[in-house]
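Annotated in Swiss-Prot:
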BINDING   ASP11, ASP12, SER43, ASN101  divalent metal cation binding site
Amino acid sequence: MKPLNILISNDDGVFAAGIRALAKSAQKRGHKVKVVCPDQERSATGHGLTLQSPLRVEKADELFGDGIEAWGCSGTPADCVKLALSELLDNKPDLILSGINHGPNLGTDIFCSGTVAAAMEGTLENVPSMAISVASFKWKNFEYAGEIAINIAEQAINDNWPASLLLNLNIPPCAKSKIKELSWTRLSVRKYKNQFSKREDPRGDDYYWLAGEVVLDLKSKGYGPKNWPSDVSQIQNNKISLTPVEPDLFWRGNLDDLPKINNSFVNPS
């Protein structure tokens with residue numbers, strides 16, 4: 001295939017090993033790579049934007065090596081993609097990749113994910129976009145995950161990637177030889193037992209640290225074809241999970257189940 005112009009971002013920041021591995025994988029396949037990502041970790045920022053302070057960017061080419069132009073940005077992942085598309089890139093990219101995230105982005109976690117938000121920003125701008133994650137916070141080998149991501153992206157681009165489709169890719173944290181087949185998956189329902197650690201600062205004021213414990217739920221598969229596995233169960237079985245996502249959050253349940261709301265409070269007589 002002809003070389004693609006690829007924009008890469010993430011939420012783990014410009015110094016993360018995952019984004020460097022992804023950029024190198026794309027470059028090795030002959031693609032033209034540019035990186036615009038946060039200048040420090042911005043995990044779990046969701047689709048937040050910076051409105052109360054200016055965005056600053058600094059060149060970071062030296063972190064990625066020859067042939068890759070890179071910037072570190074003071075904003076969120078969504079800021080980075082917006083700024084790249086509006087100001088930093090000379091031309092609209094053919095593809096946006098976000099990752100490789102150091103940890104999973106499964107199920108309803110995607111609503112908090114800066115990784116997914118960066119890809120979603122691309123989708124909103126009608127650029128084919130994919131979020132990539134290795135489903136472990138401790139896994140350090142991202143090279144094979146980068147190869148998988150580029151392979152999938154190339155296939156999707158060659159098969160008329162729909163403009164409204166965001167691909168959410170999760171790769172199991174195991175050796176290449178132990179990874180099993182790829183499957184389309186449904187978003188699971190990820191639930192947490194939220195825990196706050198209450199502490200006291202030197203001035204005697206209370207502050208809190210959030211620490212959530214995942215409640216494992218392999219049965220809840222969310223919306224989608226009933227014969228598709230959930231993304232969580234796919235990863236549990238050392239299989240690659242690929243979930244189609246779109247910006248449309250319209251409720252897909254039975255319309256008869258909607259609450260009955262009348263208009264009596266509007267301009268009451």
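Here the Cβ of each residue, glycine as well, is placed from N, Cα and C on the backbone.
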- Item | Candidate with the highest Cβ count within 10 Å, taken from the binding-site residues SER43, ASN101 | ASN101
- Task: Could you tell me which of these binding-site residues, ASP11, ASP12, has the greatest number of Cβ atoms within 10 Å of its own Cβ?
- Result: ASP11
- Enumerate the residues of the same chain, ASP11, ASP12, SER43, ASN101 excluded, that satisfy the criterion Cβ within 8 A of the mean position of the Cβ atoms of the recorded divalent metal cation site; list them in sequence order. ASN10, GLY13, ALA16, GLY18, GLU41, ARG42, ALA44, PRO77, GLY99, HIS102, GLY103, SER113, GLY114, THR115
- Item | Mapped DSSP class for ASP11 (divalent metal cation binding site), helix or strand or coil | coil
- Query: Which state, by DSSP, holds SER43 (divalent metal cation binding site): helix, strand or coil?
  - Reply: coil
